[in-house]
Amino acid sequence: SKLAALFEHPLYNIPVPEVTEKDKLFIINPMEKFSLRSSGSDEWVSSSKAETLLLTGKTAYDTYPTWLKFHIGINRYELYPRRDPLLPTLLRDLATQRIISSVQKSGGTQLKLIMTFPNYGQALFKPMKQTRDQETPIDFFYFSDFERHNAEIAAFHLDRILDFRRIPPVSGRLVNITKEIRDITTDKKLAKTFFISPAGNVCFYGECSYYCSTEHALCGKPDQLEGSMAALLPDKTLAKRRSWRSPWRRSYHKSKKAEWELNPNYCTQVRETPPYDRGHRLLDLIDMAILDFLMGNMDRHHYETFEKFGNDTFLLHLDNGRGFGTHSRDEPSILAPLQQCCSIKKSTYLRLQLLATQPYRLSDVLREALAADPVAPVLAKPHLRALDRRLGKVLVAVGHCLAR
């Protein structure tokens, strides 16, 4: 296994700083049993309000569902540890747990559903909108592109292979539109959008600002629909997150350019602006730009951090559905933060060099990681080949910086 060998490599065993109590997202009493509010949210409460008793011989922690253990494990330095024993179980839960509720997620430009499991865990479901081998049309603007379920799955595994570990776990899943969405939804607006197509397939389209109409309906075969299931982060009432506008945000206009596209010295002013004027925030942003370039994702307008940790923490790489849309061409402008600032973390650079070598080739290790997913093959072969080509271009860009 190339993947196992990669994770055994010394570059994947650099220790994270010691995690103190103040570095944990949640401080919990290990003797307390946690129950959940009857509202059905994933808000948990201490044992003083719970009526269940601990199973004999088990610690309170052993009784927590996997999604709750995942939330408790989040700290200042990482969303989940490198050798996280929970990860296989959490991915399996996302793929197999019975769905007891499906409602549309509010906001956003495209249809997404929040699905709830019997253990109170929740996942974000993004349905399949195009086949693996369809490329984004060349005349499409990046902001009018589809969100792809397989891009969400591949982004999680790629982020882990790069050792960023900043994307919540994602699994592919086949969902029965009739039994697992239509028949159990309490969302009246969503319920009104189901119909049977002329071919006899069950379809629905929901309500959103783009692509929510009968012309863009999601149809099963006859009611089986493929999609991605992403583990939700803790409720914002429990763990506030701060949203930051990316300095390299695109204009989201058909003809207008952003300032960074016009000013070659743009990075100088970014370096003087908080929070990029100290710490590793700018380097984390460059990590994110490299991830986006490898995926071909041009849609990174914002990123988030956990408010509790202030500016000294990792960036969450959320919403990756517009990655992996094209394999035949690359978008060099995504690398602007790297090229304009000429900065990169040494650890990131060394890992990129490692992933360009034959024993650990990026396309090979990602193919192996994706092979275990329930909807494999997740990416078409040309997308995997494009990763190796793009990785080469990232290393060339760093080479130009070193030469300068």
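Yeah, the Cβs are placed from backbone N, Cα and C, and that goes for glycine too.
Taken from TrEMBL, the feature active site applies to ASP299.
The ATP binding site annotation in TrEMBL covers GLN110, LYS126, GLU147, ALA230, ALA231, LEU232, LEU233, GLU304, ASP319. The Cβ of LEU233 (ATP binding site) lies under 8 Å from the Cβ of HIS71, PRO168, ALA239, ARG241, LEU316, each of which sits 6+ residues away along the same chain.
Counting only same-chain residues at least 6 apart in sequence, those with a Cβ under 8 Å from the Cβ of ASP319 (ATP binding site) are GLU147, ASP299. Per TrEMBL, Mn(2+) binding site is recorded for GLU147, ASP319.
Here TrEMBL flags 194-403 as domain 'FAM20 C-terminal'. The average pLDDT for the domain 'FAM20 C-terminal' (194-403) in the predicted structure is 95.
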Looking only at Cβ atoms, how many others are within 10 Å of the one on GLN110 (ATP binding site)?
20
Say we define neighbours as other CB atoms within 10 Å of the CB. Which of the recorded positions ALA231, ASP299 has the fewest?
ASP299
